[in-house]
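A.B. asks: Structure below; questions to follow.
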Amino acid sequence: MRYSLLFFIFLPCVITAVDLIHLHDGSPLFGEEVLSQTGKPLTRFLGIPFAEPPIGNLRFRKPKPKQPWRIPFNATTPPNSCIQSEDTYFGDFYGSTMWNPNTKLSEDCLYLNVYVPGKVDPNKKLAVMIWVYGGGFWSGTSTLDVYDGRILTVEENVILVAMNYRVSIFGFLYMNRSEAPGNMGMWDQLLAMKWVHKNIDLFGGDTSRITLFGESAGAASVSIHMLSQKSAPYFHRAIIQSGSATSPWAIEPRDVALARAVILYNAMKCGNMSLISPDYDRILDCFQRADADALRENEWAPVREFGDFPWVPVVDGDFLLENAQTSLKQGNFKKTQLLAGSNRDESIYFLTYQLPDIFPVADFFSKSEFIKDRQTWIKGVKDLLPRQILKCQLTLAAVLHEYEPQDLPISAQNWLNAMDKMLGDYHFTCSVNEMALAHTKHGGDTFYYYFTHRATQQTWPEWMGVLHGYEINFIFGEPFNQKRFNYTDEERELSNRFMRYWANFAKTGDPNKNEDGSFTQDIWPKYNSVSMEYMNMTVESSYPGQNRIGHGPRRKECAFWKAYLPNLMAAVADVGDPYLVWKQQMDKWQNEYITDWQYHFEQYKRYQTYRQSDSETCGG
């Protein structure tokens with residue numbers, strides 16, 4: 001009781017500055033009035049709890065809604081970040097550390113932040129945008145500087161919400177039981193969405209205009225919510241940036257998830273268990289007793305190949321009833337308005353981590369040429385492609401043929417771009433295209449963008465191009481933070497277009513249509529299955545006006561990944577091993593023996609021509 005009395009004695013000035021808000025369950029809280037980096041006022045609430053802390057026996061379980069509280073909650077402190085690994089590969093280089101969590105790591109991390117333009121007015125009913133961060137489902141937090149919601153909120157007059165959700169094993173361990181049902185991170189997101197749907201009207205939000213938007217694993221999460229019947233009532237529109245439920249890293253089958261638990265159990269020295277007859281009770285007991293840091297330190301043990309994240313959503317029969325491709329084919333998803341897109345150089349960022357022999361850290365910032373010949377390129381490709389492609393010479397040859405540079409001379413940058421496009425198409429762009437195309441074919445309105453501008457404030461080397469994730473800076477208005485960054489006027493104009501398109505979409509379902517009924521200067525056409533028109537998001541001097549409208553993008557290459565290659569793999573699987581042995585022998589005969597015979601025959605012909613020419617000359 002003394003604590004309650006002291007609380008009200010020492011906090012009246014804060015409470016009068018920002019009035020208390022009582023949630024619909026009666027829980028009181030207050031935030032703070034702050035200024036955006038552009039000098040405009042807003043009200044910010046940080047670290048509002050939406051779930052009970054998932055600690056103790058709640059570790060690995062679905063989240064439980066936060067119980068009501070009586071004492072006013074001080075929502076002015078950034079929340080904990082969920083337990084996760086940090087990127088130390090490039091030391092203290094800002095380009096990598098900017099994605100590391102910037103608040104205390106804890107299992108007690110299920111909180112959300114709310115940004116409201118001006119003062120809270122429950123009668124305004126503004127459109128609401130819920131941000132879902134990326135990070136491969138193994139990292140990420142709502143509090144990163146690049147996700148600072150102040151500029152987007154005040155410049156576009158929207159309410160922005162950003163929630164934390166559990167990542168890695170804490171968010172996605174699947175054991176086929178209530179103590180570890182899988183998809184806990186997705187249930188965290190859904191509980192936050194329910195909180196917003198229930199309470200955002202008290203902050204001035206319109207519960208009939210709630211838009212989910214996310215990037216990478218956040219985009220995959222958003223599209224998974226589109227597939228889940230559990231999520232459908234709690235949002236109305238969706239934006240996916242460089243990720244989809246059909247991305248090869250986004251969802252895994254149950255048997256794979258269970259096998260990964262066994263591998264981690266053995267890696268943690270809990271015992272030595274066979275994959276054939278595992279004891280899941282013993283595995284779960286080990287994980288529940290383990291220190292959080294021990295789990296984090298061993299979380300990558302099950303990973304065997306590039307683009308394979310250890311703990312991701314699973315088709316659990318509850319949150320997800322079927323795989324994403326089946327849902328898209330049959331139209332089992334929320335048909336609404338969808339804004340989707342990808343970046344020009346999606347995978348280069350990841351290649352540098354995966355191929356240290358090709359991209360040594362010691363030379364990373366001083367060199368610009370790393371892949372100088374076909375042999376190095378093929379070696380890198382083989383280190384990056386999934387096993388199901390590598391195990392057959394036919395499928396590997398098809399991929400190499402599709403992406404190998406042909407125009408001579410071939411530069412180091414050509415080889416690098418070919419590798420980037422191969423992996424970027426496979427892991428990101430083509431899956432976003434697949435989602436956009438399915439949504440359109442089943443009657444949903446879709447708008448597609450392609451981000452092609454390399455920012456002047458980009459800290460990564462110039463040869464890396466337009467990286468995965470770096471459209472986020474423009475969407476959240478970073479170029480207008482002129483006290484910290486030195487973007488150009490053109491880049492501020494580009495950021496303004498990004499913010500306006502995204503906010504218009506949240507408000508009206510159409511990036512072109514302003515809330516007052518007027519339209520933007522440049523018209524962004526709807527995406528369709530025939531012309532596949534998209535908006536090239538870049539600075540004005542690169543593609544002025546309607547010249548920014550393109551078709552595709554990457555249409556031919558995505559047809560290769562989504563149609564030709566799967567059909568080839570199916571055909572190869574049907575013919576059986578004897579045919580494959582014969583085919584490999586035939587390939588060797590054609591590529592080695594015949595080539596060798598042809599070489600000697602050509603040499604013989606040249607010799608005969610030379611003799612004839614020499615004879616004619618001598619006899620003349």
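Glycine residues also receive a Cβ, built from the backbone N, Cα and C atoms like all the rest.
Residues annotated as signal peptide in Swiss-Prot: 1-31. Taken from Swiss-Prot, the feature disulfide bond covers Cys82-Cys109, Cys270-Cys286, Cys430-Cys558, and the record attributes it to similarity to another entry. The active site, acyl-ester intermediate annotation in Swiss-Prot covers Ser216. The active site, charge relay system annotation in Swiss-Prot covers Glu346, His468, and the record cites similarity to another entry as its basis.
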A.B. asks: Tell me whether Cys286 (disulfide bond) sits in a helix, a strand or coil according to DSSP.
C.D. replies: helix
A.B. asks: Can you give me the same-chain residues 6 or more apart in sequence from Cys558 (disulfide bond) with a CB-CB distance under 8 Å?
C.D. replies: Asp425, Thr429, Cys430, Asn433, Glu434
A.B. asks: Whole-number Å distance between the CA of His468 (active site, charge relay system) and the CA of Glu346 (active site, charge relay system)?
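C.D. replies: If we compare the Cα positions of His468 (active site, charge relay system) and Glu346 (active site, charge relay system), the gap is 5 Å.
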A.B. asks: Please work out the number of neighbouring Cβ atoms within 10 Å of the Cβ of Cys109 (disulfide bond), leaving out its own Cβ.
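C.D. replies: 28, counting other Cβ atoms within 10 Å of Cys109 (disulfide bond).
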A.B. asks: Between C-alpha atoms, which of these recorded positions comes nearest to Ser216 (active site, acyl-ester intermediate): Cys82, Cys109, Cys286, Glu346?
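C.D. replies: Spatially nearest to Ser216 (active site, acyl-ester intermediate) by Cα position is Glu346.
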A.B. asks: Around the Cβ of Cys286 (disulfide bond), how many other Cβ atoms lie within 10 Å? Please give the count over every shown protein chain.
C.D. replies: 19
A.B. asks: What Cα-Cα separation, expressed in whole Å, is found between Cys109 (disulfide bond) and Glu346 (active site, charge relay system)?
C.D. replies: 30
A.B. asks: How would DSSP class Cys82 (disulfide bond) in three states?
C.D. replies: strand
A.B. asks: Could you check which of the recorded positions Cys270, Cys286, Glu346 is the closest Cα neighbour of Cys82 (disulfide bond)?
C.D. replies: Cys286
A.B. asks: So if I measure Cβ to Cβ from Cys270 (disulfide bond) and keep only same-chain residues at least 6 apart in sequence, which ones fall under 8 Å?
C.D. replies: Arg282, Ile283, Cys286, Ala290
